Ligand SMILES: Nc1nc(=O)c2c([nH]1)NC[C@@H]1CN(c3ccc(C(=O)N[C@@H](CCC(=O)O)C(=O)O)cc3)C=[N+]21
């Protein structure tokens, strides 16, 4: 079998065009969706992601501003900034780019962002609402993955979804969203024994390991859907995922590429959450 490639970039463009119309409608009602992005330090990868987010906002008619802070900023100063943004009614969404310098406690920062402005969906209140299947801001990468599956009408109900990776931003929440869609979910991670025994059972395999070529064709079931969440920068500057795409695409039914797979969908869901934040909590 040769897999159908799920083009995340094309789906992202389509969804952004729809959102553009929604944003225009909101503006007619006097609501101007606004995202504030906070970037601490000068990590080149973070800078490039943040640029991507700002560009996507512009294209959709969402206004955004970037607050760049030196690595030397204290946790106290960053918390004070977030509290100011929480109070600012012109700011609908707040995104603090991760990772933060090690002297700042990430969890403190995440918990200080008001849940009504938590467009990343990382606040414990957002996570709790997600677990309870309530209306909330969903974390962007998991939300983007489920949206990709739905766009191709790939069934989740009763299917075995195997997640490799258990981070708070991808692995854990994507498993939860798939569970909410009635999948049977297995979490695998660095301490899992005989990983292949699990991956070969997967109808839907989500790979969020952070290592190139972690998964090959011989790890997957014929006809599976393979979602590659990896973003690995190679020495030549090119991007690659966690899956050996060339071999896996001969065995899977659906597969996502890197680049132009999950990444553009992550940003698109951030836009969606920002619009939701601007529309206001009464709908939450
Ligand atoms: N608070 C916070 N929220 C995040 O959502 C967040 C974060 N911190 N820290 C870092 C990760 C990473 N992330 C990506 C988003 C889009 C692409 C993306 O669009 N990638 C393009 C390629 C872009 C390129 O060429 O560099 C693609 O895969 O086609 C990648 C990575 C969001 N993150």
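Every residue gets a Cβ built from N, Cα and C, even glycine.
Nobody curates TrEMBL annotations by hand; they come from automatic prediction.
Listed in TrEMBL for this protein:
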DOMAIN    6-120  domain 'Tetrahydrofolate dehydrogenase/cyclohydrolase catalytic'
DOMAIN    139-279  domain 'Tetrahydrofolate dehydrogenase/cyclohydrolase NAD(P)-binding'
BINDING   165, 166, 167, 231  NADP(+) binding site
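Feature map: annotations from TrEMBL on the structure.
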residue : record               : Cβ neighbours (10 Å)
165     : NADP(+) binding site : 23
166     : NADP(+) binding site : 16
167     : NADP(+) binding site : 14
231     : NADP(+) binding site : 19
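Among the binding-site residues 165, 166, 167, 231, the residues whose Cβ lies under 6 Å from any atom of ligand 1 are, in sequence order, 231.
Shown for the domain 'Tetrahydrofolate dehydrogenase/cyclohydrolase catalytic' (6-120): DSSP residue counts in helix, strand and coil, namely 61 helix, 18 strand, 36 coil. Across the residues the record lists as binding NADP(+) (165, 166, 167, 231), the two Cα atoms farthest apart are 16 Å from each other. Counted with DSSP, the domain 'Tetrahydrofolate dehydrogenase/cyclohydrolase NAD(P)-binding' (139-279) comes out as 52 helix, 26 strand, 63 coil. Mean pLDDT for the domain 'Tetrahydrofolate dehydrogenase/cyclohydrolase NAD(P)-binding' (139-279) in this predicted model: 98.
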